[in-house]
Amino acid sequence: MSFVVPVGPQHPALEEPEHFRITVEGEEIVDVNFRLGYMHRGIEKAFEEKNFDRALYLAERICGICSGIHTVASVETIEQLADIEAPRRAKYIRTMVAELERVHSHLLWAGIAAHEIGFMTLFQLVWRDRERVMDVLEMLSGNRVQYSANKIGGVRFDVKPKHLDKITNVLNQLEEDTHHYIDVFTSDETVIARVQGEGVLSKKKAKELSAVGPTARASGVDFDVRRDDPYCAYDEIDVDVKVAEAGDVLANAKVRLLETLESIRILREAVDRMPQGKIAVQPPKEFPEAQATNRVEAPRGELVYHFKSDGGEHPFRGKVRAPTLGNIPPIVEKLKGETVAEVPIVVASIDPCFCCTERVQVVDKDTGESKIVTKEEMREMRE
């Protein structure tokens, strides 16, 4: 007997609603359909009503977790359009903020993954370290969420000598703790039983479905914008791209935690190699009739921005392709063959930035009977 399991679209804890219609035969998921567009905020249209400087504030509010990298992508697109270049020191500061944000995002994901499989102690430990990263970002920028670090032509704040001891101490502690988290995810029998072999995405399917970021790299796709199309200071800082082959939830965890260690190394190198000089240049008063496209490696994957100018003070067109849009089709592939009980951790494995729901409505297509299943009940099914 087949059941249709609607998942979504509402969830109070996440940012963007999403709706999955999951077809189940017995315990096995055999088909998945999804629907987009529940939270269209009109930001791309709003770009056209703001000047280029104010457009950065809109871009920063597309995602609360990845606000910094959205401004990096948007400001470097605008600078490319205007044919100006930020000073090298500003590019190093942008790199530092982007890598701190990556560490914060990956630790947030690791905590959520631990929560989804019921490992509350690990969840609390990981989020303790996430707070340390947010403290550093607050020390540098004055803000914990939207840092407002970037402006056209450079950055708004400098990294001062008094900040370096705090940054170094936090990085040392994070490195030690991250090694411990890797050991837990790869050796704890409880964790392995829940994540190994679940939500598998093959390398072939990852390429066919255009998966991006850690989701693609966990399936063996060796691509990272920081290395393959450098921006900020990545043309001077080598990036060791972390790749796994299994394509399951465990591989996703490994890649993100190994990337956390790599981000810590990049941060140390950025501190050691940061050049002296200005942190900003004068932005142009007028923008030429031109267009530009830029991409960066956000914590969740490739983030693409496009701006077109008609010579006025406002963008004629602004376009954003966030990483989650590229990773939704791979979710469909990852869910096929799984059980309803595995839906939360498999969906969480791509680190989605959309709102889903804490409950599932199971509908019997033959009788029309329905039952509400909470996330906690789905976890109990697995037990």
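Placement of Cβ uses the backbone N, Cα and C atoms for every residue, glycine included.
Annotations in TrEMBL come from automatic prediction, not curation.
TrEMBL has this to say about the protein:
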type	residues	note
BINDING	GLU44, VAL320	Mg(2+) binding site
BINDING	CYS63, CYS66, CYS353	Ni(2+) binding site
BINDING	CYS66, CYS356	Fe cation binding site
DOMAIN	117-286	domain 'NADH-quinone oxidoreductase subunit D'
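Location within the structure of each feature annotated in TrEMBL.
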{"residue": "GLU44", "record": "Mg(2+) binding site", "DSSP (3 states)": "helix"}
{"residue": "CYS63", "record": "Ni(2+) binding site", "DSSP (3 states)": "coil"}
{"residue": "VAL320", "record": "Mg(2+) binding site", "DSSP (3 states)": "strand"}
{"residue": "CYS353", "record": "Ni(2+) binding site", "DSSP (3 states)": "coil"}
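Taken together, the residues of the domain 'NADH-quinone oxidoreductase subunit D' (117-286) have an average pLDDT of 94. Cα to Cα, GLU44 (Mg(2+) binding site) and CYS353 (Ni(2+) binding site) are separated by 18 Å. Using a 10 Å Cβ-Cβ cutoff, CYS63 (Ni(2+) binding site) registers 22 neighbours. The two recorded residues, CYS66 (Ni(2+) binding site) and VAL320 (Mg(2+) binding site), show a Cα separation of 14 Å. Here the Cβ of CYS353 (Ni(2+) binding site) has 23 other Cβ atoms within 10 Å, regardless of which shown protein chain they belong to. Cα to Cα, CYS63 (Ni(2+) binding site) and VAL320 (Mg(2+) binding site) are separated by 12 Å. In the structure as shown, the Cβ atom of VAL320 (Mg(2+) binding site) sits within 10 Å of 20 other Cβ atoms. Across the structure, VAL320 (Mg(2+) binding site) and CYS353 (Ni(2+) binding site) are spaced 14 Å apart at their Cα atoms.
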